[in-house]
Each structure stands twice: as C-alpha cells, then as structure tokens.
C-alpha cells in the first residue's frame, strides 16, 4: 500500500496571492485506486495565477475480486432509471479512445449504447488494462507506483521502475506459472 502520493503540477505553479492549501478530501474510492483533492482560495479578488485545486491518488490497495468492476457498478446504478420509457440492465462499453472518462453503457442483449453520464466517478480507470484514472472527467496518467502524474513503468522483469537487472531470459523453457496473457498485463 502506498501512503504518500505525488500531486499534479498545480502545486509547482506560482503561489502568489493564494491562501494555503486546504485539507485533503476523502478518497473517491475505498480500494482499487481513487483520487483526493485539496482546494485553495485566491486572495487577490480572482486574479491569481495557477490552479485552485490539486489531486493525489489514494486507496491504492486492490479491491477484493467480488467487488466487481468500478465502471460496471456505475452503469448498473442506472438499471432502475427509465431510459426512453424503458428500464435496461446496463453493462459498460469497452474502452472508448475519444471519451475514456464518459460513462458509456450498453443495454445487455441489445445494440443500444448510451452515454449515461458525461463523467465517470473519480478513480475510474480510463481503460481496463491501465492504471491511468479519470479525475474530473479527464484521463490522468498513473504510473506503476500508483502515483498520479508518474511515468514509472514496469521493466521486463515486472519490477516497477526497475532496470531489468533482477531477472534473466531463459530460452527453451516453459514457465507454467505465468500465462502469455498474464505476462502481457504485467510488463510495460
């Protein structure tokens, strides 16, 4: 579990005219990686340079498998709400490169695909095989260290921010404990 987090560039921008940063909000999720924010107030009547909000990652422990997919939970929350006079069982649409942070869902067993919300909840993964997360409707980069704005990647040995020196390639030998599909998701 990672307790410390890196924040976005907003805290590196000029601080002239700003009040101190406020306390961090509760995390948007209890597991699986979420976002927390801190606000500050402009003391110059609105003429401050920089941002009034900053974000960090939080709750980076994996969710138990039975908790299900976070995007799927958001889609299913609309199951009781009528859409064009009818209720549907909604399932998430696979990754949409144009709007990865919109809540696009499909009616189960139908071709009907609908944007049920312009933004998913903070902490929702931009796509299934990535740690990058949506914050305020924008896909933000998250490294393998689970830190916001980090570009840390796993090396060929599966070590986060490693240099590839902790393993060796063995040719002609099957490694039964790691399937090719699992290996694809654990290497950068």
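Even glycines carry a Cβ here, placed using N, Cα and C.
What you see is a predicted model, and the numbers here were worked out from it, not measured in a lab.
These come from TrEMBL:
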- 27-58: disulfide bond (DISULFID)
- 31-63: disulfide bond (DISULFID)
- 42-48: disulfide bond (DISULFID)
- 100-167: domain 'ADAMTS/ADAMTS-like cysteine-rich' (DOMAIN)
If you count other Cβ atoms within 10 Å of each one's Cβ, which of the disulfide-bonded residues 31, 42, 58, 63 has the most?
58
What's the CA to CA span in angstrom from residue 48 (disulfide bond) over to residue 31 (disulfide bond)?
35
Nearest-integer angstrom distance between the alpha carbons (Cα) of residue 63 (disulfide bond) and residue 27 (disulfide bond):
14
For residue 42 (disulfide bond) and residue 31 (disulfide bond), determine the Cα separation and express it in whole Å.
33
If I take the alpha carbons of residue 58 (disulfide bond) and residue 31 (disulfide bond), what is the distance between them in whole Å?
8
